[in-house]
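**Student:** This is the structure, below, for whatever I ask next.
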Amino acid sequence: MSELRFVRLGFGEQAVEYTEAWQKQREVHADRFEDRVPDTCLLLEHPPVYTAGRRTAESERPLDGTPVVDVDRGGKITWHGPGQLVGYPIQKLPRPVDVVAHVRRLEEALIRTAADFGVETSRIEGRSGVWVLGDPVERRQALGGLSLDFDPRLQDEEFDPRLNGPEYAPSNAGQRREDRKLAAIGIRVAKGVTMHGFALNVNPDNTWFDRIVPCGIRDAGVTSLSAELGREVTVEEVLPVAERHLRDILENAELAPRAVEQPKAAAPAPAPA
């Protein structure tokens, strides 16, 4: 991959309104498609805002009527705001684009970032993002032959079967206490170039998530680096660490197009008798 350029758009009092950053994404996306700029990662904070991906249901929006910006990324509703490091990597990928591989690269960079601050995180089968796994619990006894545990894959509309493999923790079917999401990822690819990206919770006010069903996932919580460590961590501290891991992962990735299964050749017609 080409050298990755970082652009710090604004943090703290200079946080960037979501619609302004979205327009900036579109401009950089067009420039990247035409090869006028290299692969670029926009880094910033937003003022408080809810954004809804294409598959957000009405029941998942804020119950109090708080305004929501509808966007063209995948996934469902989430919140952005102070204390959250947001990154929009705008990269040209080989076609057909392997979106899952791109998501995994972003997850790996954020997993390494969290590890540098002493927070152990993981992927979870079927779910994008970076997670702190819930503590193990003893297997609960069946009641009258009916197990009290459940398989979330049967009820989770967000479960993505492509997100699996040895690097993923198994779905939480009661064997752990509530898993907690540290970083959300939502991607769009247009003309072979990525948009949108990740949001890493550093030290936000997590009560903003109480008004919605974050990412459409009802059986998990939300956390932050500060909450997990029990001390204040700032976006300013995390920014250079995240940049280092994003550069290392994204610049050194061996990009390959998505494997496409070839149609099987038709069996030859039987010879006439």
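Using the three backbone atoms N, Cα and C, a Cβ is placed for every residue, glycine included.
Taken from Swiss-Prot, the feature active site, acyl-thioester intermediate applies to C215, supported by sequence analysis. As annotated by Swiss-Prot, substrate binding site applies to R73, G74, G75, K76, I77, T78, W79, H80, A184, I185, G186, G197, F198, A199. Residues or ranges marked as domain 'BPL/LPL catalytic' by Swiss-Prot: 35-254. For K181, the entry in Swiss-Prot reads site 'Lowers pKa of active site Cys'.
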**Student:** Can you tell me whether DSSP puts F198 (substrate binding site) in helix, strand or coil?
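**Tutor:** Its secondary structure by DSSP: strand.
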**Student:** DSSP secondary structure for A184 (substrate binding site), reduced to helix/strand/coil, please.
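**Tutor:** It is in a strand.
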**Student:** Given K181 (site 'Lowers pKa of active site Cys') and R73 (substrate binding site), what distance in Å do their CA atoms have, once rounded to a whole number?
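**Tutor:** Cα-Cα distance, K181 (site 'Lowers pKa of active site Cys') to R73 (substrate binding site): 19 Å.
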**Student:** Let's check the environment of K181 (site 'Lowers pKa of active site Cys'): how many other CB atoms sit within 10 Å of its CB?
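**Tutor:** For K181 (site 'Lowers pKa of active site Cys'), the 10 Å Cβ neighbour count is 25.
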